[in-house]
Amino acid sequence: MSAISCLLMAIVLFGSSKVYPRSIEGLKHWGWGALGFGVANLLFSLRGLVPDWLSIIVANMIGVASFIVWWRGMRLLRGLALSSMRLWYMALAAVLLFLAYFTLVQPNIVPRRFLISGIGFAFYSGMAWLVWRRGQRLQGDYVFISLMVFGCLFTLIRVVATMANPASAATLLTPSSSQTAYVIAYNIMSLMNCIGFFLLATNKLQSELQQMADHDSLTGAMTRRSLMDKLAIEVAIAQRKSQTIALIAMDLDYFKQINDTLGHDGGDRVLCHFSAVVFKNKRPQDLFSRMGGEEFVLVLPDTDLHGAQRLAQRLHAALNTAHNDGIPAYTSSFGVGTWSGTPVAAVNSQFPLDTIEDWFKRVDDAVYRAKAAGRNRIELVTEPSISV
């Protein structure tokens, strides 16, 4: 039954690797690993019906190789580099010699069980640690880590049971309650490991789709919708803590001429360069959004007018520095204003004055004043918008 389950999961994983984006790596590795464990489980079930070298040595070697393939697949999913296979080949050769000696020369299941259980424990603990360190703390991560912890306990209990009663480990098929529990747990783990990895891959796909929905594909800046969603949270925080939020609106100067002269590829390079300058100078908590075309905004939580003005000046200076990377010279006009979170306001409120929409409009008007005054300059909204 376990062999059939693993083979079915292998089909699912191989099929998913065909339809998931290329950025979701590791599915093929886990498909091959599931296939390997399916074959290994089949050979284990034939113990006594086929030669021992096949049901013991080959079956265990396939299982160990499947662990290695799964480990490499997980590293690919987490975007980590793969180590050379040379050390893995050497480890496999050592395992092969060990199994061959205690199967053909000095038949003894106890050292074999210790070795395979140790390898299993190293795999489960290593995978749990990898996902914990590199995970996104999503539900799928916790499910997978729980499975790995169960695997660690499972292998430890098996080793302890063998040490406590070596006679019970005379053969794999010796009837006993511990052996029955092992077979059941092994069958469950073989299937659940694959399901756990599939959850991790699905979580990563969901995260990438969310990233695509929330960010502009060209510049990496947030979309307008995503900005407004996050701004609602910042507004609530500002209201609760009586903080000030600053807004810098930016509009690239003569951008249509850049497109007409250099083509859209040239315009795209300018947009990307501008975004890179903003990302380099902003704080991690600042919200940078492309509102459309060449219009951008930068929301600065817990920042007063002078702090926002200083950042706008840094951005202005950076854009007016000569570029040596093939980017044509360009400038931007800036509008800067603040909003105070006292006492009550909402992003979609219908107040005639001092709403978030009014705040955005005032800062936008400042940009137009900068344009009218000759472009490539910074204009301030002299009085902050205050919620009423």
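All residue numbers here begin at 1 and follow the chain in the order shown.
From the backbone N, Cα and C atoms, a Cβ is placed for every residue, glycine too.
Curation does not apply to TrEMBL; its annotations are automatic.
So that you can see what the record holds, here are the features copied from TrEMBL:
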- 243-383: domain 'GGDEF' (DOMAIN)
- 53-73: transmembrane segment (TRANSMEM)
- 85-102: transmembrane segment (TRANSMEM)
- 114-132: transmembrane segment (TRANSMEM)
- 144-161: transmembrane segment (TRANSMEM)
- 181-202: transmembrane segment (TRANSMEM)
Which one of these stretches, 53-73, 114-132, 144-161, 181-202, has the most C-beta pairs shorter than 8 Å to the transmembrane segment (85-102)?
-> 53-73
Same-chain residues at least 6 beyond the ends of the transmembrane segment (114-132) whose Cβ lies under 8 Å from its Cβ atoms | 60, 63-64, 67, 70-71, 74-75, 78, 95, 98-99, 141, 144-145, 148-149, 151-152, 154-156, 158-159, 162, 200
Tally of residues which DSSP labels helix, strand or coil - the domain 'GGDEF' (243-383) | 59 helix, 33 strand, 49 coil
Averaged pLDDT score, the domain 'GGDEF' (243-383) = 87
Chain residues in Cβ proximity to the transmembrane segment (181-202) (below 8 Å; excluding those fewer than six residues from its ends, i.e. six or more beyond) = 1-2, 5-6, 9-10, 12-13, 16, 20, 24, 26-27, 30, 33-34, 37-38, 41, 70, 73-74, 77, 131, 135, 139-141, 143-144, 147-148, 150-151, 154, 158
